[in-house]
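What Swiss-Prot records for this protein:
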{"type": "ACT_SITE", "residues": "E76", "note": "active site, proton acceptor"}
{"type": "BINDING", "residues": "8-15, T105, 127-131, F143, S230", "note": "ATP binding site"}
Amino acid sequence: MESTIGIDAGGTLTKIAYLNKKMQLAFEKVYSNEQNKIIDWLKNQTGIKQICITGGKAKQLQQLLSASYKIVELNEFEATLVGVRYILKKEKYDINNFVLTNIGTGTSIHYIYNDQYIRAGGTGVGGGTIMGLSKLLTNIDHFEDVIPLTKVGSRKELDITVGDIYGGILSPIDNSLTASNFGKAAITDSNYNSSDILATIQGLVGEVVTALSLQFAETKNIDHIIYIGSTLCNNIHLQNIISSYTKYQNKTPIFLRDGGNSGAIGALLYATNKKS
């Protein structure tokens, strides 16, 4: 049986969406610099005739695959939006207007109004920042190793909070808010363990991304912020940071199951609908 798959070739990860033998949506993830593994996986699948590719490395991957498969290319954000709409419907959300924050290697932020979207902005702070700083500060360079260590880490010895600055005096804002990420590292001589450093890195990234998302949401008076991206996958620590900060500013955070695969899902759906 002929089949179609969707591929989101990102800066760090390449995500693949396809229908398995039970005709259920399934996913694969491969590091984008391991293109031989992507090719090997495709060779092991039977009946693939068409591939819809999206993402920053789409052109590069297309050159490798075009001789063997029919290739359809789709704009990265169009693919992501199709995928997000599909997941929202599947998870029974009825939301038409929202801010969509996609935390990949970097972070992009869009306004969504029904079927229209406008790029609000973005930041170079994202998953690539987590991995880059993790490598520099702890010599840990695999996301799968970062997550469990982060879970047992604490930011108390590294971040300066508002409460630390005011020292028990009534402050104008919540004492638990971060005044300076990693600020204590400059004023103490402690040796910090890897878990605490990793937790603090994620705190920095989470707060920067959330603060920017909140500013955009407030500007347009939008209540819901949907956070997606592979950086959030199994990353409860980062989700909690983003969620608590978003709620503190009276906005509603939403984390979609399989949100990190939105682009690949959208590519699959686009190619499937176009084919039919």
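Here the Cβ of each residue, glycine as well, is placed from N, Cα and C on the backbone.
Feature annotations (Swiss-Prot) mapped to structure.
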residue : record           : Cβ contacts under 8 Å, 6 or more apart
D8      : ATP binding site : T14, K15, I16, A17, I53, T54, G55, E76, A79, N261, S262, G263, A264, A267
G10     : ATP binding site : S32, G55, G56, K57, G104, T105, S230, G263
T12     : ATP binding site : Y31, S32, G104, T105, G127, G128, M131, S230
I130    : ATP binding site : F143, V146, I201, Q202, V205, T231
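Other Cβ atoms within 10 Å of the Cβ of T105 (ATP binding site) number 21 in total over all chains. In the three-state DSSP reading, T14 (ATP binding site) counts as strand.
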